[in-house]
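These notes are about the structure you will find just below.
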Amino acid sequence: MADSTPLLSKSDSSDFDPSSKQPLSLDETIEQCIGDFRFSQLIQVLLVTFAWVFDSQQTFISIFTDSEPKWHCTQPGSEPCSSATDVCHLPDHAWSWDDPARTTIISDWNLQCENSFVKGLPASSFFLGCVLGGLFLATLGDSSLGRKNLLLLSCLLISISSLFISGVGRATVGSTSLVLATELVGKRWRGQMGVACATTAMVGFLTLPGIGYLNRGESWRTLYLWISIPTVAYCVIVVFFVHESPRWLLVRGRKEEAICTLKAISPTNDKAKNMIMALSSAPTLEQESRNVDTFAAFRILYQRKWALRRLSILLFMGCGIGTVYYGMPLSLGNLSFNLYLSVTLNALAEIPSSVITSLIVDRFNRKNLLLFFNMLSGICSILCVVKGKLFTRIQIGLELVSFSSSCTAYILAHIYSIELFPTSVRNSVLSLTRQSVVFGGVFSPVLVAAGRRNDFLSYGIFGLVVIFCGLFVLLLPETKGKKLCDTMDEEEESKEGSACHGTTCA
């Protein structure tokens, strides 16, 4: 196999010169075509990243659907109701829910007296579905379906289902849209795609308090209906207006479709036209990702020790991030604050996270940033356990800092995983990284339920886990400024300082 997937030739100058003998790699060829950010690319990015709105809604809707509603005594002043703090110690006729029982899953299914595991099971089943969905659907984006079709399939699944099956569909929405957006823009804008996805996720999160407030007193099923119908409309838009990744099409040998996409999103200057014309006459690529089955990407990663090592560390770190990222919002019902206001504040906390990431992502090393925000998130989470009048007043502030820091670490982990692996397995790796974050979320609802009686079982464990898992980022190579490789061979050669990046890799 060629060392750098040569397609075209290049000269010493930045202009295309077909007489030159130096080969252009696939990454460099596409960079020449789409390096400048055009209006057509902006439209594509907005359409693709908008999927994160529905991803966020599906993830955090359980804040309202799984909350434990307030109750009151049916005969005020009577004993033992007036002195009781737990309805499980009262006869059924002595108390009643403030709102109709259908409002939340806890009251609708009579789970109020069950243990923490059972109370957290509805939300945990969603996250478990995400994990399993990621395992079965992840590699479809690199193999048979591609980025666009997998995004469409995932959105359809979350729009027509709920809880576990919804989790299966949600598993690949965010990862596929991020990879597709990244591969539709040039290197200069790559880091900003993670910020764009985080911003749209924040929009989705921010809609939940409004949806919940408008439907207060209604069935929890109504909330799922409100976030499902718009997803169907989005699927129609994806079918007719979203382009497939030209990089994936080329790697899969579908050159004609790739050229059509490049013509649609590339600038109209002579340089881009020349590159596309030369690309149309270049031989079809023979890549390791061609004609493989669904789990070929997993086998490829397992066979390369350096790839397995990188992936294992990413998954371990992602699990720690997910514990806080999902646990903090889900535990808002445990705080002595208005639920709608606290959810709104948490959604708004993603704004500084996106802004900070946008400002620092191209200025500092990925490893240092991930280490810092993991540590900050963990410390603030542990401080939420501290009791006393002073800390009670600032508990919501510590919670917001912890959540915002985990959001920043979440975005950076996505960008990092994209840069650590080549095109042939990139979607699979990113999806697995996201599933590791979700795997941390599987246990969060159970810890949140336990934290209603002891804060350390929620906030304390959240903090310790994210700090411990975050330390492992130090074992990964730095990727800031590296070019995207396209095959595992290229990435392996880059460890020795070849074309893809100049630093030593793990």
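Yeah, the Cβs are placed from backbone N, Cα and C, and that goes for glycine too.
Curation does not apply to TrEMBL; its annotations are automatic.
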### Query
transmembrane segment per TrEMBL sits at which of 34-54, 307-327?
307-327
### Query
Can at least 3 Cβ pairs under 8 A be found between the transmembrane segment (456-476) and the transmembrane segment (193-211), with each pair 6 or more apart in sequence?
no
#### Entry: Stretch in 120-138, 223-242, 307-327, 394-417 most in contact with the transmembrane segment (193-211), if contact is a CB pair under 8 A
394-417
### Query
Cβ under 8 Å to the transmembrane segment (223-242), counting only same-chain residues 6 or more beyond its ends: which ones?
43-44, 47-48, 50-51, 54, 57-58, 61, 64-65, 148, 151-152, 155-156, 158-160, 162, 180, 211-212, 215
